[in-house]
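Now, the feature entries from Swiss-Prot:
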BINDING   ASP261, ASP319, ASP321, ASP327  Ca(2+) 2 binding site
BINDING   ASP393, ASP399, ASP453, ASP455  Ca(2+) 4 binding site
COMPBIAS  94-103  compositional bias 'Low complexity'
COMPBIAS  104-113  compositional bias 'Polar residues'
COMPBIAS  160-172  compositional bias 'Polar residues'
DOMAIN    230-351  domain 'C2 1'
DOMAIN    362-495  domain 'C2 2'
REGION    483-511  region 'Necessary for cell membrane association (isoform 2)'
TRANSMEM  60-80  transmembrane segment
Amino acid sequence: MSGVWGAGGPRCQAALAVLASLCRARPPPLGLDVETCRSFELQSPEQSPSAADSGTSVSLLAVVVIVCGVALVAVFLFLFWKLCWMPWRKKEASSPSSANPASETLQSPSSRGNMADKLKDPSALGFLEAAVKISHTSPDIPAEVQMSVKEHIMRHTKLQRQTTEPASSTRHTSFKRHLPRQMHVSSVDYGNELPPAAAEQPTSIGRIKPELYKQKSVDGDDAKSEAAKSCGKINFSLRYDYESETLIVRILKAFDLPAKDFCGSSDPYVKIYLLPDRKCKLQTRVHRKTLNPTFDENFHFPVPYEELADRKLHLSVFDFDRFSRHDMIGEVILDNLFEASDLSRETSIWKDIQYATSESVDLGEIMFSLCYLPTAGRLTLTVIKCRNLKAMDITGYSDPYVKVSLLCDGRRLKKKKTTIKKNTLNPIYNEAIIFDIPPENMDQVSLLISVMDYDRVGHNEIIGVCRVGINAEGLGRDHWNEMLAYPRKPIAHWHSLVEVKKSFKEGTPRL
C-alpha cells in the first residue's frame, strides 16, 4: 500500500491530497467509498503530505519561541547586573568607613577604661587638645583622637560649650561641611580635669584678632597727626605804616622744623605772598643746616588800608636743595590780617606750620546768601559777587558764571546758572536761584556752587567750587545751620573756592 501512495507524479500527489481532504470531511460527500476513506485515514503521518507540512511549521515555531525566550532572559540578566549589582557593590565598598561608629560603640569595657585613663593623662590631653584644634589647611582628624573624643562624650553627660570666635565666614562653614568624618568641636568637653583657663581658651589657629587692626588704625591716625604736628612753628609780626600805606611783615624765626636732608637737618627759607597778588613774591635768606633758624628780616607790601580786609598773608617754608627741586616743608595762611590787632603797632604772632607738598593756589572767593521759607518749602540762594578769581584766559581775565547744583545722596537733582560776566575777575551778579525743597528733606540735600569760566570754543572750565549743606565741612556747614536757625532771613557769607574733588567732579557741557 505504501508503494501505491508513493507512486505517481505531482498531479497524482495533488489528487491524493484532495481525496484525503474529502475523506476527512464530516459527513463525507455522497458517492465516496467508505473503505477508500479508511485506507486514507490509516496511512502513516510520514506519507501524508499535510502532516509533513504541519510538523515542519510547528518545529520552526518552537525554534523561534526558544530563541526569543533566551534573548529576553539575557536582556533581563543584563539589566539586573547594571541596576542592582553595581550599586550594591559600591555600597559594600564604602560600608567599612560608615560602619566604624557602630564598631566603635561595641568596644569592650577594658578598652573604654584604657581610653579614660588616657584622657586623665595630662600629656594625652595636650595631644588631644592639639588634635581637636583644627587648622584650615589640615582638615583630617586622626581616627584614634576621634574615637577617644566620642568615648569621652558618652561618659560625661554634662556638656560645656567651648567659646569660639563670634564672627563666622563662609570659609568656616564650607570647611565644616566637607569634613569626611564630622565632629562638633565646639561641643567638646574635657571635664573637670582641665583648668578653667584652658577650657575657656578659644582656638588660636586661623583666628582674626580685630583688636590688632584697631590698634593699627589708631597707630596710623597717630602717625598722621604726628606728621601734621611735626612741621614746626613760625614766628612773625605785622605792622601797618599809615604814612607810606605799606604793610610791614617781619619774619622772626622758625622752631622745630622737620629734617629734609640725609644728615638730619634742613636748609630752610620762607616765601611771602600778599594774596591775591602772587606776582609780588618776597623771600628770606637760606639758613644752612638748622632746624631752628632765626631770620629777623622785614618785607614791605604797598597796599591801601581799605584793601587790607580783602588781603591774605601766605607764608611758604621750603628746604633749599642745590641739585634738585626745593622741598616744601609747609605753609601758613592768615585770612584775617586784623586777627591780632589793628596793625597800628607791631604785634608778634606764632602759627603752626601746616603740612603741604605744594603751594596752595588761590582760586578766589564767592559771596552768596541763603534764605529758607519753611511754610512754602522754598530755598533761595542769591549769588551776590565774586572777587579775586583765578585768570583762566590768555588775556589775564575770565568770563565767569555761577552754576548751582542741588544734590541728594550724591546725585544731582537740579542745576541752575547765572548770567556770564565778560572779562573780569571780580564779577557782580545779584541774581537769585530758587529751589523747592520740603522741610522734611532739608537734612538730605546740599548745594554745590561752581564758578565756571565760559569758553566759546571747547569745554567750559571750572575755576573753583564750594559746598553748603548738613554734610559739608567748615563754613559750608555753619552757613547752612545758621540759615535753618533763622528762617525767612537772608544769611550772607564769603566762601573760599577750592579745587574740584573727585566726588564733586561732573561734566561741564557748553552753554
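Just so you know, the numbers here start at 1 and follow the chain as drawn.
Including glycine, each Cβ sits where the backbone N, Cα and C put it.
Taking DSSP states H, G and I as helix and E and B as strand, the domain 'C2 1' (230-351) has 6 helix, 64 strand, 52 coil. According to DSSP, the domain 'C2 2' (362-495) comprises 14 helix, 67 strand, 53 coil.
The local packing around ASP453 (Ca(2+) 4 binding site), expressed as other Cβ atoms within 10 Å of its Cβ over all shown chains, amounts to 20. The Ca(2+) 4 site is set by ASP393, ASP399, ASP453, ASP455; from the centre of their CB atoms, other residues of the chain with a CB within 8 Å are MET392, SER398, PRO400, TYR454, ASN460, GLU461. ASP393 (Ca(2+) 4 binding site) and ASP327 (Ca(2+) 2 binding site) are 30 Å apart (CA-CA, integer value). Mean model confidence for the domain 'C2 2' (362-495) is a pLDDT of 93. Excluding ASP261, ASP319, ASP321, ASP327, which define the Ca(2+) 2 site, the same chain contributes LYS260, SER266, ASP267, PHE318, PHE320, HIS326 within 8 Å (Cβ to the Cβ centroid), listed in sequence order.
Separating the Cα atoms of ASP261 (Ca(2+) 2 binding site) and ASP453 (Ca(2+) 4 binding site) is a whole-number distance of 42 Å.
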